[in-house]
Every structure is written in structure tokens, then in C-alpha cells.
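J.: Before I ask anything, here is the structure I am working with.
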């Protein structure tokens, strides 16, 4: 129905104003009916009886002149004689609705309280209802016999100036209120429109242009969070571009190498060289296969909603299996692996945890000097499980340490890895609600420490 928020807020606000005015009128009408009507009836009846008392004591020569004088004093009067003849004084009534039964009762000396007994009408205020049954009536004795006199104040005449004042006041109130509603709505909508334009810029890929935070209310908070979102999206976009560049590089380099080896293979007839080229191609394709596997694993970790973490894992046994699997690589470098493992159970994803711990051991074997040692420990600590793996090797600079867990980061250009192992390990540990830290001692002993929650109970 509303195509703009501006129109919606403006229409809603104006509707609230008009609806409030209507409800106020109805409530005022109810208040008059239940609280003021009886007292108003009594006051007018008192005035009419005082008029009768004056008429009886002063005995004016022409009673009609007396009623005419009352009419000039802003009263509306209707008299009915015993023949049913009606005479009106003052401003005319809007409608003659008085029943004959009420007239007869007054002629028989019964007071009439039409104002007090006026039925309630939701949208008609009895105070202003200018009809003959909304009057009070008593019997007057004249020289020509009894007459029934019905009277009510002439509200229209009495409050004519006030009604004009009130009408002008209400019109100005509505005009000013609606004008302020439109102006305030525009003030609210303006920053929303700027947000809309900023959103369109985001869609077009502009992550650099911020929006100015102009307020301190909810819209100001929205502006602040929009800027934070813009910064985050910009970082994600940079990471995406960096990721694509790295993947392209990691794939292009071995493919170029394979292409070169195939060319050499075609041109040589030396069996030894041909076998060497074939072996090199096999090694490179194996590395490409490993890269593909790790990229798929990264994608799985980034979209982890479908992953389950309900495997009951015997962590110490898992570590023993990993050590046994990598023992051959350790033996080739004459490395000693020392393991101090407590018996610990853990609830998680066994496949992923196996991958994370394997990456750390493979990394330790790779960077430990020949004849060195690798220390592995697993223990409880309060409500946590602590896993540490330490090895001696070359020192790591603070610059390298700060980027160890970045995707595709390599310590050296001559490193034949793809730089994803530690990034994958960190993601897996965080998905298990754990942390991983790297420390280095003065003796060039590097240590990776994994802390996991003890969730087996």
C-alpha cells in the first residue's frame, strides 16, 4: 500500500492524531454523560424555578414579554398552554422532539428533567444537542391558566465567540501537528535514504566509502553498525581476492612445471631422464591432489553448519595412531618422538581432530633438525584438555610468528608446502570451541599448545 517509509510514517502519525481526537471526543462525551449531565440539569432547573418565583412575585403584565426577555438573555424557551399551543422564545430549536406525554406531565405539575434523562449517544454530546426534549420543564401559573415552560441555555449563542476561538485553535493545532509530523518524518527518513544509497554502493562493490554517523539514537547505532559491516565486508572481499590469487598461483606454478616436464619428456629419448621426468610429474600431481583435498577441507570448515561434533574420541589413542602413521617420516630424519599422554575422552569430530593433530606432527617433523626430538603431552587442567607439541629447530622471527596461521603463508619461497596446514588446524580447533597458541623459548624450542573444553562428562 505504501511505497515509501516516508509516506507510511506520515500517514500513521496523522492517523494517530485524528484517531486520538476522535477518542478524546468520545471520552469527553462519556464524561459529560456520567459526571456533568445531572448537575447541568439541576442548575438549569434552579434557574427556571427562580424565574417562576420572580414571575409569581413580580407579576409582570405580559408574561410573553417576560419570556422574550429571558430569550434575549441566551435561553431557549418553549411554552405550551392547555390547548397545546406552542410558543418559542430566543433562538429557535433545531428540532421539536418533546413528547406529548412529557408536556402533559408538566401541565399536571410534574417537573421535567430532559437534560438529565437524555439517552447517551456516542457521537452526539448532550450538552450541545439543541432539541426540545433536551430541556428542563416546570408548570407556570398565569392569569390565563397553567402553562408548561421548557428551557435550556442557548449554547450556540453563549459560546459563539468561544466556538470560533476553539475552531481556529483546533485547525491551527491540526495544521501545525501535521506540518511537524511531515518535517520530523523527513528528518527520520533522510539518514535511512543515505543508508539505502550506501547499500547500493556496497552491492556495486564499493567497500571504501563510509557513511557519516549523524545521530546518537537507534538510527545512529544503525549507521555505526553499517560502517562496521562495510569494513568487515571489505576485509572479506580482500581476503577473497587474496585467496583467489593464492589458489591461482598454487595451481598455475605446478601446472607450468608439468607442462615443461612434458615438453622435455617428448624431446628426450634417454630412459633415465624420461623416468626422472615421470617421477617429477607424479610428485607434482600428488601435491596438486593434496592441495585440492585441503581446499575442499577449507570450504567444508568455512561452511560448517552440516558438520557433526558428537564422536566419542579417545584422544590419547588418536595421538598414538597419528604417531605410528608418521613414524617412518620421523625415522628418516632420526628423530625421537616422546609422548606423555593421559587417558582422556573428548566429544567432537574425530576426522577433523585427527587432521588438526596430524598437521602439527607433520609440521614438527618437517622443521626439526636431523637427530632432534619432538615432545608431545596430553593432560587435564581444571575443566580443559591441554595438548602440547614441542620441537627444536631454527628460530622463528616475530614477523613470521604473526602470520603462522594465515592461509597460503609460507615461511620460505623454497617451501614445497601449500601453506594451508596451520590455517586448517586453527579452524578445526576453533570449531571445537578451543584455542591454539604458538610460543618459542630462548633455546629455539617451538611449542604449539591446544586448549579444548573438557566436554566428556
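Placement of Cβ uses the backbone N, Cα and C atoms for every residue, glycine included.
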J.: Per Swiss-Prot, which of 143-163, 164-184, 185-205, 206-226 is transmembrane segment?
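T.: That would be 164-184, per the transmembrane segment entry in Swiss-Prot.
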J.: Could you give the mean pLDDT over the domain 'Histidine kinase' (246-456), rounded to a whole number?
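T.: Averaged over the domain 'Histidine kinase' (246-456), per-residue pLDDT gives 87.
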J.: Quickly jot the same-chain residues contacting the transmembrane segment (164-184) by Cβ under 8 Å, restricted to those at least six beyond its ends, or write none.
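T.: Long-range Cβ neighbours of the transmembrane segment (164-184): 10, 13-14, 17.
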